[in-house]
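Report on the structure given below.
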Amino acid sequence: VAGPLGSTLSTRFGARPVAMAGGFLSGLGLLLGAFATHLTHLYLSVGVLAGLGWALVFTPSLGTVGRYFPARRALATGLAVSGASVSGLALGPLVPLLLDTYGWRGALLLLAAISFNLVAAGALLRPLPVPNESPGPPRDGRGLIWLLRHGPFLRYALAFVLVDAGYYVPFVHGAARAHEVGCDEHHAGLVMAAMAAIDGGGRVAAGWLAARPAVPLLRHLFAWAVLTGLTLLLLPLGTSFGGLLALALAYGFCAGALVPLQFAGVAEVVGAGRLVHAIGLMQMFESFGSLLGAPFAGWLRDVTGTYTISFLAAGAFLLAGSLLILTLPGFFHASRGVSGKEGSPIPAPDGPE
């Protein structure tokens, strides 16, 4: 939800100090959480403070990547966000080991030490100005208002609210689904680890394919969204370990492919000059879909007694979101000047749609 705050601050003060401040807050939140004596303390420290810190890191970092590599934005974004898959694979076995060895307080202290490294990582950011961007003070409020009145951006954001309502369901309920079809703890963990591992490969592969100029990026995005929705609809067919593993690998690859194209596609819709603001607002809108999707899937499991309807509903959300991508102006014909021949930024129109 703090995405717009991160974009506004980074536009006004620069990505480097905002990302460094975010890294400090995320580490501080985990550090204070280690001394919590009540659940409310964890809500405020790990939830609010660390969450705010991550928002201040994520939005400026992705915005910087998008502005640094206009001609290869999708590939650069794919490489950048693949780091999440690498860290997820590393922390998967590490966190249980830390909990067993040092307890939850010690584990939070060590995770805080890792998070404080975001300060050093943020110090390495060196944003570049976008060509044709006004050198004067940024008009943050006007930029946000422009986006909230911009029809294509609002449809794009709504598309990913729907996509995210289904996207996280296999990652949250996948292990429980594996238990439901008879897998033990080891095999269920293997399914989840394989899905997370192939996710990183999908992020890089989709970025590389989108760098080919033959097909517009929004068409790549639509294709991967449809494939992700279809593989999610097929997940209930995995009634054995082998079948579930194969479908989980397919879903993980397609789901990973969506991530870099989603953020690179923002620049196609609003232009590179408003990329940071747009990413911040996208994060805020998406959070509602992310928060509602997994609990809704759990409620459907409680009502029906099986995860079949949960996965079918999640796939339907993804396919509904993909249909909204068809309505964007750059899908069937050339966009109204948000990117040039080699992806060089050109200012988007100042008025609403």
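Heads up, residue numbers simply count up from 1 along the chain you see.
A Cβ is built for glycine as well, from the same backbone N, Cα and C atoms used for every other residue.
Here's what TrEMBL has on this protein:
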DOMAIN    1-333  domain 'Major facilitator superfamily (MFS) profile'
TRANSMEM  18-36  transmembrane segment
TRANSMEM  42-62  transmembrane segment
TRANSMEM  74-95  transmembrane segment
TRANSMEM  107-125  transmembrane segment
TRANSMEM  146-169  transmembrane segment
TRANSMEM  189-209  transmembrane segment
TRANSMEM  221-238  transmembrane segment
TRANSMEM  244-263  transmembrane segment
TRANSMEM  275-297  transmembrane segment
TRANSMEM  309-332  transmembrane segment
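The recorded stretches the transmembrane segment (42-62) and the transmembrane segment (221-238) do not share 3+ CB pairs below 8 A when only pairs 6 or more apart in sequence are counted, and are therefore not in contact. Using a cut-off of 8 Å between Cβ atoms, the transmembrane segment (244-263) and the transmembrane segment (189-209) share at least three residue pairs, counting only pairs 6 or more apart in sequence.
Sequence-remote contacts of a segment are chain residues at least 6 beyond its ends whose Cβ falls under 8 Å from one of its Cβ atoms, and for the transmembrane segment (221-238) they are 159, 163, 166-167, 169-170, 177, 181, 206, 244-248, 250-251, 254-255, 257-258, 261-262, 265, 307-308, 311-312, 314-319, 321-322, 325-326, 331.
Beyond the transmembrane segment (74-95), the same-chain residues lying 6 or more positions past its ends with a Cβ under 8 Å from any Cβ of the stretch are 61-62, 65-66, 68, 107, 111, 193, 196-197, 199-200, 203-208, 210-211, 217, 220, 256, 259-261, 263-264. Here the transmembrane segment (275-297) has long-range neighbours at 1-8, 10-11, 15, 55, 58-60, 62-63, 66-67, 130, 140, 143-144, 147-148, 153, 156-158, 160-169, 172-173, 262-263, 266-267, 269, 307, 310-311, 313-314, 317, meaning same-chain residues at least 6 beyond its ends whose C-beta is under 8 angstroms from one of its own. Segment contact is absent for the transmembrane segment (309-332) and the transmembrane segment (107-125), given fewer than three CB pairs below 8 angstroms at sequence separation of 6 or more. Beyond its flanks by at least six residues, the transmembrane segment (189-209) meets 74-79, 81-82, 84-86, 88-89, 92, 170-171, 174-175, 178, 183, 220, 224, 241, 244-245, 248-249, 251-261, 264 of its own chain at Cβ-Cβ distances under 8 Å.
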